[in-house]
């Protein structure tokens with residue numbers, strides 16, 4: 001085939017230039033497969049094949065691709081004929097050696113947007129795959145507008161365009177690149193203070209941080225949201241690498257000459273400020289775009305609090321030439337570019353709502369909204385883009401300035417579960433997909449029917465750093481109330497900080513839940529709050545807030561931190577307590593979900609109850625209790641704790657306990 005000869009010649013040119021390209025094969029399954037095999041046979045390479053089906057020797061499923069990160073391949077096939085895992089696609093593009101092709105297999109071009117996408121099962125909260133027309137149309141726009149991407153469609157004439165030769169590329173040798181070396185010298189001679197290094201993926205910022213640690217005369221501590229993500233840093237730091245998780249570091253009195261925070265944007269600013277203040281020198285690194293998260297907006301906000309912060313940026317890719325067509329195409333397709341943060345929105349702010357259909361008629365607006373949200377929220381992934389475009393029940397508001405988007409709000413429909421399902425969720429018998437806050441209100445709250453109410457959860461909210469402190473966030477929430485009808489509440493779940501809670505409180509939200517353990521990645525407790533919109537919503541918020549006040553002292557003792565509520569000193573078992581205790585004793589409600597009422601039960605009961613008292617009153621560990629009580633493990637300990645709760649309830653009121661037991665055990669049987 002003349003096409004293959006031309007591709008062979010172009011591949012050699014790409015290798016000299018240090019770039020990769022995308023080649024799309026769109027057509028019927030057999031046609032795509034046959035042409036991919038012909039390419040594999042014509043162009044020598046590894047030909048990693050990413051597909052849910054076992055189509056080739058060097059095969060890997062999209063979900064297992066993470067296990068290959070850090071390795072390099074020449075040429076790969078990404079099979080998206082039945083579903084498009086956007087994160088896997090982006091990750092695969094980053095594993096390719098310079099001079100490689102990424103061959104993308106797609107359905108028949110004209111049929112693609114109406115075809116159910118199997119990947120939607122991961123993010124749509126739907127029981128069956130759904131069509132994803134907005135994402136498909138967006139990707140088609142990007143592919144057809146990209147002069148460097150090659151589109152080969154079945155039953156369409158194909159000719160390979162002529163590509164103007166680029167400058168020859170000189171690959172990295174393993175030593176620090178000139179850009180890295182210059183930055184490294186500046187860091188090594190930096191006076192006490194804070195430095196921040198930002199970079200897109202593949203620019204060597206983790207290697208730079210590791211090289212810094214290996215060369216400093218003193219000691220360093222590394223912290224990050226996840227230790228597994230610091231492997232490259234550890235490799236370059238060598239024996240001087242020492243990792244402590246953010247929450248553990250905050251609780252300790254460890255000292256060092258340097259604190260290195262990898263992917264700092266993933267750590268809440270209040271926690272980061274506390275950590276930074278304890279060390280004479282700090283290096284923060286963060287990704288400004290990529291499939292693993294983005295942090296440009298966070299960094300702008302953080303820099304505002306440190307006016308003397310030293311800012312550096314790595315721009316030169318390590319494993320391919322700058323301006324690589326494949327990297328550029330992936331960035332556009334998955335909206336990794338968050339450069340909007342560099343433009344300050346001007347003029348008066350106007351709040352308006354829009355729905356997903358705007359992706360068809362005016363895609364620039366939702367694109368800018370997504371860029372703002374992803375820049376402000378570090379853990380924004382390609383999966384979030386797909387959800388925003390095509391998942392059911394998504395709603396949006398924008399705060400538009402004259403030239404740019406100044407703020408954005410993303411809301412998700414929740415609740416409306418049947419009475420039977422809500423009761424089963426409350427008892428711990430069922431955990432259906434989605435409904436984050438609605439399910440939590442039932443599973444961790446006092447009302448078995450809480451999930452029957454209909455709410456709308458704040459999934460994301462962001463205001464451009466240059467337009468903050470102007471009330472724009474509150475305007476967006478007020479706009480959500482104005483544009484929302486026939487619902488019981490707005491809800492929000494967030495990592496608790498005093499500053500964040502003051503914002504939600506000013507918006508009218510009522511605190512209804514506080515978690516009982518810190519998230520290791522953030523060092524924060526999870527908080528949930530409601531803004532009632534109906535009488536039923538108001539009753540639910542009042543009931544759960546009252547429960548939180550009753551449990552406040554118990555939670556404060558357990559968490560070691562006071563709650564922002566007025567505690568009630570009430571040791572009497574209420575009707576809600578009896579119901580919750582029966583849910584723990586005879587169903588599957590978790591121990592710590594029932595912390596307050598269990599402690600009140602222990603105050604009321606005269607029985608020994610060693611498994612419960614040992615854990616909740618004496619703070620013995622599960623391992624200690626298993627040894628003392630001669631139990632085989634945590635599961636058996638929990639069984640014993642449930643048995644003890646049942647014994648205590650029967651001792652207090654046998655008839656009432658039997659009635660509650662019979663009622664609750666029926667909740668696991670429904671259609």
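The backbone N, Cα and C atoms fix where each Cβ goes, glycine too.
Per Swiss-Prot, the ATP site holds 202, 203, 204, 205, 206, 207, 208, 209, 210, 211, 319; the candidate it also names there, chosen from 180, 181, 346, is 180.
Set side by side, the binding-site residues 471, 473 differ in how many other CB atoms lie within 10 angstroms of their CB, and the most is found at 473.
In the three-state DSSP classification, residue 473 (acetyl-CoA binding site) falls within a helix. For the pair residue 203 (ATP binding site) and residue 463 (acetyl-CoA binding site), the Cα-Cα distance reads 28 Å.
The ATP-binding residues named in the record, 180, 202, 203, 204, 205, 206, 207, 208, 209, 210, 211, 319, extend over a maximum Cα to Cα distance of 18 Å. DSSP assigns residue 211 (ATP binding site) to a helix in the three-state reduction. In the three-state DSSP classification, residue 203 (ATP binding site) falls within coil. Checking each of the binding-site residues 180, 207, 209, 211 against residue 471 (acetyl-CoA binding site) by C-alpha distance, the shortest gap belongs to 209. Non-local neighbourhood of residue 211 (ATP binding site): 176, 180, 184, 236, 237, each in the same chain, at least six residues away, with C-beta under 8 Å from its C-beta.
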